[in-house]
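**Q** Please find one structure pasted underneath; my questions will follow.
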Amino acid sequence: MDETKWQRLMSIDPSGLTELQKRNLVDRLKRRVTFIKHKSNGRTYARIYYLNLSEDAIHYQGSSHRSKHEACKIKDIDQVRSGFTTTVWKRYLRKGKITNDKIHLAFSILYDNNRHSLDLLADSEEIRSQWIQGLEYLIGRYRSHVRSHYEITDRWLWSMYSEADHDHSGHLNRREVRRLLFLLNIELDEREIDQYFNQANIRRDNYDELRNLDKDEFISFYKFVSYRPELIKILCQYNSSTPKQLADFLAKYEVISTLSHANPLSQPPDVLSNSCWRSSSKSQPSNAQPRPKIRKKTGTSRSPSLTKTVHDNNYLTVEQFQKFLQKEQHMRDVTIEDCSKLIAKFEPSDEGSTCEEIGVDGLRLFLLHDEFCLMNADKAHRVYQDMTRPITDYFIATSHNTYIRDSQVYGDCTPETYIHALRTGCRAVEMDCYDGEDGEPIVYHANTWTRAITLHEILFAIETQAFAVSPYPLFLNIENHCSYEQQGVMARHLKRIFKDRLLTEPLRSKVNQLPSPEDLKYKVLIRSRRNPKGKLPADPKSNRSNDETEPNPKSYHPEFAKLIIYAQIVSFTNIEHTMSTQKCIHSISFKESKADDLIEVNSPEHLDMIKLTSKHLVRVYPGTKRQDSSNINPMTYWTYGVQMAALNYQKNDESMCLQYGFFSDNGGCGYLLKPSFLLSDNPTFDPKNAVQRKAKRITIQVISGQHLPKEKNAPNDSDISDPYVEISTYGIEVDSTKHRTPAVRNNGLNPIWNYKCH
């Protein structure tokens, strides 16, 4: 097996913590503690904060101590920082409302793409440290995808159990079980509830025990409800089943995955009984009575009514697991020894690990590993493309009006949005610079209600994260609206803050083509206009203008102008003029309407756009009508070779999802080499052609899901989900398709679609 792949699969928890230490960290956060909350409006409140039982959100108690509110979800947290680092804290310091002697007690939770912060003051440095360490562990655990069997089943289920136990009796009656199923986002009829309740209820000493489930019985009940026939199918296909046994099970699997739009729990009980679970030793009932066995080594069965179809089909031996990996996962070189180690890592039951067998739970955990995500893990975790070509040969992750937190017309300008963009792989950020008071340049969106911030605050924030994610060059796209004097201040700030990382001279005396990302590693490049003194560029506010730079500068300060080396913005007349008169160091900016005009012309003139982007850096940015910070479709411009399709990173929309997915390739470094058909000197590629020479056909099968949230993630929503999956492909027009699976009625817990699209 490939050594790098093996290391990722067997990687040790990066936290370096023992299970006991992890548990202690999380438990400390569940103990309610009082923090002083500092709001952006200058008000402070004492609030009690704690981690909720399901360990997925921070909650707090309001002033009445009866009202409970969600502060933020763990999945939405971007960073946890100590000290006075956020805009809110700096405002308190500036106004003298807090002093630096409290810095050891302060910390901030930044969430929602760094747009918001929860700024808290602890009673002691120890409490602050415990919360920072605990939150960082929870964030890492969420992002790792793979969580232990104990974390994603028993612990989570026990928190759900406690929430459903309204009378705090330590048991669940049928009414409480129905309520819990509602929270689990699944609807069952009374017959089904009775069946699973009775199968799980193994304490039969008295009437009260017959009417209630204890915690261990509830674990069994959950396993009945969360039946995974699609995983059982895999086990059946690769273990030693006879052809007849396999045919019997697959026939029943097809019934389950097709009737009632694939809600397995709407099927007759005898269909559902054909499976079993190897149970983790952690969840074995201490008072359990002997139950029917599948085989000596497999633990408890799923139900007393098992047929012979899959009696021995609920696990894979190490040899069968090797066969599965070689055929399905394309791990051709995996050895028996490798498989033994993988089983030891992923199989949660002591029994399975000892016998070197992997069951349903182990297989599920294995397949959820990052290594088997849709994105090729080898290409997502390292830079593998040739990074020595001219920088015009690459797509570059680019942000538009990076300083804006909300819409384009109101809200605070903040350095936190730069930190968020850079931490997600962005390599070209933007700032609109104007004259500020006291000789300090400021950044804001002119003629709007956005609140300005000083340029040096933004530059300091950028400097801390400039190369934290990627070593490849970072572009600062500066709209220069400053006076001659404050341009000089801008230049001095840039030199002082970025020091030797700021590119101040060409790498070579003669420039026939732009340097490569490799040549410009760890360099900050300024992209702006460098007109001679007195020369006026085009008015960017005119209709369908291509210019995004200052409308009427009087002169350019030489200190600032000297910093604009490989990305000098020039005015655009037409493509022929640019190609014949401009040098490779000259860059073009297009408003989306102008770029669309150039693309929408008749064939073959639209191909001139590809010629332009082969020689010059081109940036396309959203038009002024997008005041809500909505985004352009970057794919439209990538297909014509545009390097910088600028997006509003604060917007969690379809375009940003596409951006994140696109740039997750090549190690997430923010640079992607253009495909060969956009690099050829004699291109034959035409994005408008309905037939392409080297077309490939892709088939996607959507099998199943588990634990899907209700709409707007509201567990108390009265409506049970009818989930479906939409699959979209993006590219040139002929490649852009959308498919949708049938909906699964009333089952967000474990829907099966088994749907193929081509």
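Cβ coordinates are placed from backbone N, Cα and C, and glycine is handled just like the others.
Annotated compositional bias 'Polar residues' per TrEMBL: 272-289, in sequence order. For 536-547, the entry in TrEMBL reads compositional bias 'Basic and acidic residues'. Positions annotated as domain 'PH' by TrEMBL: 107-140. Annotation source TrEMBL lists domain 'EF-hand' at 152-187. TrEMBL lists 560-678 with the feature domain 'PI-PLC Y-box'. If you look up TrEMBL, you'll see 675-758 marked as domain 'C2'. Here TrEMBL flags 267-308, 531-555 as region 'Disordered'.
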**Q** Restricting to the domain 'C2' (675-758), what is the model's mean pLDDT?
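**A** That stretch averages a pLDDT of 86.
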**Q** What does DSSP give as the helix, strand and coil breakdown of the domain 'PI-PLC Y-box' (560-678)?
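**A** Across the domain 'PI-PLC Y-box' (560-678), DSSP assigns the residues as follows: 48 helix, 19 strand, 52 coil.
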**Q** Under DSSP, the domain 'PH' (107-140) has how many residues in helix, strand and coil?
**A** 16 helix, 11 strand, 7 coil
**Q** Would you mind splitting the domain 'EF-hand' (152-187) into helix, strand and coil residue counts from DSSP?
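**A** Reading the DSSP string over the domain 'EF-hand' (152-187) gives 23 helix, 2 strand, 11 coil.
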